[in-house]
Amino acid sequence: MRAALTWRDQAEHCIYDLAFKPDGTQLIIAAGNRLLVYDTSDGTLIQPLKGHKDTVYCVAYAKDGKRFASGSADKSVIIWTSKLEGILKYTHNDSIQCVSYNPLTHQLASCSSSDFGLWSPEQKSVSKHKASSKITCCSWTNDGQYLALGMFNGIVSIRNKNGEEKVKIERTGGVSSPIWSICWNPSRDERNDTLAVADWGQKLSFYQLSGKQIGKDRMLNFDPCCVSYFTKGEYILLGGSDKQVSLFTKDGVRLGTIGEQSSWVWTCKAKPDSNYVVIGCQDGTISFYQLIFSTVHGLYKDRYAYRDSMTDVIVQHLITEQKVRIKGRELVKKIAIYKNRLAIQMPEKILIYELYSDDSSDMYYRVKEKIVKKFECNLLVVCSDHIILCQEKRLQCLSFSGVKEREWLMESLIRYIKVIGGPPGREGLLVGLKNGQILKIFVDNVFAIVLLKQSTAVRCLDMSASRNKLAVVDENDTCLVYDIHTKELLFQEPNANSVAWNTQCEDMLCFSGGGYLNIKASNFPVHQQKLQGFVVGYNGSKIFCLHVFSMSAVEVPQSAPMYQYLERKMFKEAYQIACLGVTDADWKELAMEALEGLEFETAKKERKKHGENVNELFLADVYAYQGKFHEAAKLYKKSGHENLALDMYSDLRMFDYAKDFLRSGDPKDTKMLIKKQADWAKNINEPKAAVEMYLSAGEHMKAIEISGDHGWVDTLIEVARKLDKAEREPLLKCAFYFKKLDNPGYAAETYMKVGDLKALVHLYVETLRWEEAFALSEKHPEFKDDVYVPYAQWLAENDRFEEAQKAFHKAGRQSEAVRVLEQLTHNAVVESRFNDAAYYYWMLSMQCLDIAQENEQQKTEMLQKFHHFQHLAEVYHVYHYIQRYTEEPFSFHLPETLFNISRFLLHSLTKETPLGISKVNTLFALAKQSKALGAYKLARHAYDKLQGLQIPARFQKSIELGSLTIRSKPFHDSEELVPLCYRCSTNNPLLNNLGNVCINCRQPFVFSASSYEVLHLVEFYLEDGITDEEAVALIDLEAPRLNKRENKWQEMMSDSILLIKNCLQSLS
């Protein structure tokens, strides 16, 4: 572990406390009477915050990142938002010593010298509680249920959310060991809550929530001022009077130093979910460090040992995936593993472990030797009886008792060292230097052997299984392979960061780099596949890969290199590769290639490997390749492989021989032979013979397919009539081909035989035989949709839309029926057939009324649509006359009728104008008729309105002339034209903004359907409690006759009552 300084800043005052925003983007620092807000990425000061009048001692951020709090010697606590705005302030009786937010409820605990307070946003006031001593520090548990308070008198008080004391921890030392910092472990993986306590008795202690101490006190030899955990609780930061921050494990084992400072460290925290640490000092220095945890590990063949949690070692068996943990109480600095030996270097000693047994799968280690001595080394290697220490240019060989036996001094820095095996006590080491020199050293020999020297520095090394070849990765990421004896460079490959030889095959190696795994066999081209990480080992078909901190075994099929050897006819080498791991198909290919290449020994090995009767079966194959087919067949039969004899005869198209071979055999085999003969007949383009053979073999489907593809209807009819009705699949296939070959009668006969009525219906529909389809749907109503819907679609496609609409309606497809009508309506409007559009809208409204009666759920929606479509029907019906008037030279309507129609239409268009209706035409007709009938004011208004619209060229002159001439007319309307409301007797204006209703009583006008004059009708509603029958009876009552003068009035009144009575009866 090492600490790299990322940035540093200097404040004017002592840094007493600091807090990170939970997302890690901002850092809040308490310096003097201000808060300093920094950007953590580069140390930029974002903003200083002023609000306190005295020194700020503490600061804390809420877990949700929405607000933070600060406490000061001015006895106040200020709540700030994440936007750096102060929103609340409250006070205590003494200076504030510490603040802490509950991680779940965001309740704020603020502690002063004499009391502590609990506040949350929903509270109106702060609930305060007295303390028996000065509170110096506080911390909430993970679940937010308990608050721990550290006291100046050495006591820890654990309180619940209401401030009630639940546990009191009285510690040895008492007042002489004031507690200065406490912190709960934030890890959620721990079984129990753990409280770390640092006091000025120079001790670090751990306690459970119950108050029970965990382990013993850890002596520090300095006064601690701050203690804090990493986000996941794996490490502890501790700083104080020793002017540095130390990293400890969660159990209190010291791991190292993070940044030595020039004054006391008052606060230190880890950035959330990262390896960054910030330190605040007495002299105002703010330092931001990145902790770099290097991978400490060792590998030998299929055993991989690595450091975990800085103090433990895990040994992993890469093949079986077994793991064993060796627990330690000290920092693990180096690890080395070799065969049954494991060496672990700690700060003050080296432990040598051995396996309990010689079993290759044994994973239990025990301590063999302990060298209690401090060693400084860059690399550590362990052998059977020695350990090797690498110190830059120097190699030292020590016995397990710690005695130095020999030493080697190199010309340059040692970059790589590896044990390559050998007898116990005489192992060989492979050493690579920075100057490009590669040496072999034996632990019992003082002289180093130079294998070769290259011009570039060595990064990685490995030697082949037979010790004849050497692979080197240099600093230029090039993989170079040398012949050790001749020193010749055999080949080189770019983009390599690590290399490993296959321990079971001399000529195979792999190297990684650039996100790819490269496998090279002999001098063949490289085979590539994607892989993340570094290759560290290659054993058979398994490649061991290290990615970040995890080691994994990747299974790589050896097919590609095997085929590379086969292409060169190198059968023995291909066999060696296949033994490492290929598929069954690859094995078979190897055997066939070896036979063709007359490499019988290899082919024989392949057969033997698959457990076959080698002699007879192999000899049968040889006879077959020599053309002695009958002898081969006898041997196949003798060895119990009759199927191979049949395959041979079938492949050779010697079907007669095959039949003789099967004369007394299984009928299934005979059937299979006929089928193969039929396949052959089909392939040589003799379909008639193939069909006959397929039928005799019972392969009806293939016979039907061939007959259908060649259009042989007679054969299909014969097959279909012979087949049993239970054989659905071939019968349906026959029907399919009948349809395809345009023989619907035979198809119908086949469907009837199968009993597939649905397919029969579809056949009638597809062939447009509607009468048969209707007859079938009458007998079987469940097929109604399958008939009427396609029928309606067919009608629509043939422009018989109204019939299509009725067909949809009959099929119960109301939505499709409505959609057809809507399309008809739209087309009528686009084509300016407005009378048709009115009729279609009326039909639409009736459809909606039918749906409303049938479907209670859609009733409200359909009634709304009914009224809407009725309105549109009326509008288009009226506009039809306007359009004819403006487009045609002669009009069939009186001026008064056109005048009424124009007014009615304008009043109906108060909200929106439907598609196709022209306001210009309507206003133009109204203007002309108004002028002709003496409604000059209305005519002038219509002409003015026309000026604001886009006028067609054919109307331009007429409208301009009308606009001028109307100015010469009086500015009023003829009183004869003014409509009267027959309910309230109010004269209504000719142009009414409310539409076709009275401006006074809002009574809708009832118009004549021909002249569009207002009729003498008044709609009224019965009062609650009066039935229709009672209303008719009341109307039938005669009015009392007072005198003769009133007789005339009485007769008129009777006529009106009779009219109302008739209306009521029609409504009922």
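Any Cβ shown, glycine's included, is placed from N, Cα and C.
Listed in TrEMBL:
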type: DOMAIN; residues: 2-187; note: domain 'IFT122 first beta-propeller'
type: REPEAT; residues: 49-80; note: repeat 'WD'
type: DOMAIN; residues: 189-292; note: domain 'IFT122 first beta-propeller'
type: DOMAIN; residues: 297-551; note: domain 'IFT122 second beta-propeller'
type: DOMAIN; residues: 558-921; note: domain 'Intraflagellar transport protein 122 homolog TPR'
type: DOMAIN; residues: 974-1018; note: domain 'IFT122 zinc ribbon'
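Residue counts for the domain 'IFT122 first beta-propeller' (189-292) under DSSP (helix as H, G, I; strand as E, B; rest coil) come to 0 helix, 60 strand, 44 coil. Mean per-residue pLDDT, taken over the domain 'Intraflagellar transport protein 122 homolog TPR' (558-921), amounts to 67. Secondary structure of the domain 'IFT122 zinc ribbon' (974-1018), assigned with DSSP and counted as helix (H, G, I), strand (E, B) and coil, comes to 3 helix, 6 strand, 36 coil. For the repeat 'WD' (49-80), the DSSP-based tally of helix, strand and coil residues reads 0 helix, 19 strand, 13 coil.
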